[in-house]
């Protein structure tokens, strides 16, 4: 209880320190008077189909009537690629305007070519008004049935219409539209004088301030969407019922017959030759090769599972409401740092149970098993983002902050957890004594080998979640909003259950074939769902999305590789733990000499 209370206090401290309040809120709670300046920030621009490829608003040749001021951002906002600056439009509270000139600029030939290029790539802009998000496209391409691209017409939208809803002294909703009657022709390479204008209209609404973010949440809760989500749940539940039914009627009946058979054999003839999984009772608890790596994988997987549980808890209480900028990234960084002690403790304690001696190297391996590949991937992708001058490139100051979190929080907790795990001094609970020399494993048919077993083990859990995967991908790598965290939590629980059950079943079949090397096999089979998810990434990229370009492709496959690797470790740990409990149970139920 003391440890849980301390961890909760640390979580609260870090959330407030880095700008994420772990309560249900929606950012700004400002009250305004007539004529007060309501903050309008321009965030970023980028190709609509490439969500990772975003740039600063003023990287394009927009104009401003006043010096541009940058907004101070929290850690999660920077990680999210947000770079908020003061917008050229002034939207005072209840101040209506009609075709007001925000600023004027004479576009050079280079500016015209740049705007034409981004209009062709369907660039959009994003702004925040009183912490409410707004979007719009920069222009349009008129093709008029022409097949020759050189004959296309390129137009820049230079007039925005803001429609703002208010309730008493608070802003409730904002809608921005581009006026099709105000266009600047950028087809030719010549200088153009542009007046950026805007219109502001205010309307009163009865919607209370506390519910102003609900329209974004309801976007993913439409009836036809919910039907698909519930179909996914039912599909997953049917998978679970079939699998549990299979285990209950087949596997448990076989085990019961095995128990009866072995008990009868013991009463009948002592020297009768043993068969099946009882035959290898002297080898099944023989410690595996590369036990330090196995313990490190279990430590990292346990930490990632704990991280996922905490994230779901925060999501269910409303922390990750739509457009709470950077909340998820902040939570991931902070919770991962604070749960590193769990990884150190789990890995060191299990490593010492396996009679390992170099626990320090084991703890270092645990700390680098997931963070190492993630650091290499980040270094490469951040270099790519710097080359593109995209907002995804982290500033030096943010990198220093993350390094300090790792040096001052993650590493010390990892070491303290390792010390606690080493001092636990518990022995490995094996119900059977291990023989001095390992028994030879008989030749196996092809479908009993590791890769076919991994394919079978990964397919069922993946089939239980693949429908929900599309919506998650469309939210993370697109512009859809995902807020049905209750359904996502159920799907995650089903994923855990199916992974545990299928791994236990395959472990039994392996032991029944007199193959006692189940340790690594159970971890690989449990984690194989991560490989299926990465295969789905290929399908999603080429068949369900319009992403293109080196940067977007690198970010998609690079970070998805890290996420799928994390799923591999987490689900592999679940599969191994379930198999370990199962193996201990069945060998404790029989008498082994």
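Just so you know, the numbers here start at 1 and follow the chain as drawn.
Any Cβ shown, glycine's included, is placed from N, Cα and C.
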Worksheet item: In TrEMBL, which of 188-214, 485-511 is tagged transmembrane segment?
Response: 485-511
Worksheet item: Under TrEMBL, which of the candidate ranges 256-278, 394-416 is annotated transmembrane segment?
Response: 394-416
Worksheet entry | Contact call for the transmembrane segment (485-511) against the transmembrane segment (363-388), three or more Cβ pairs under 8 Å | no
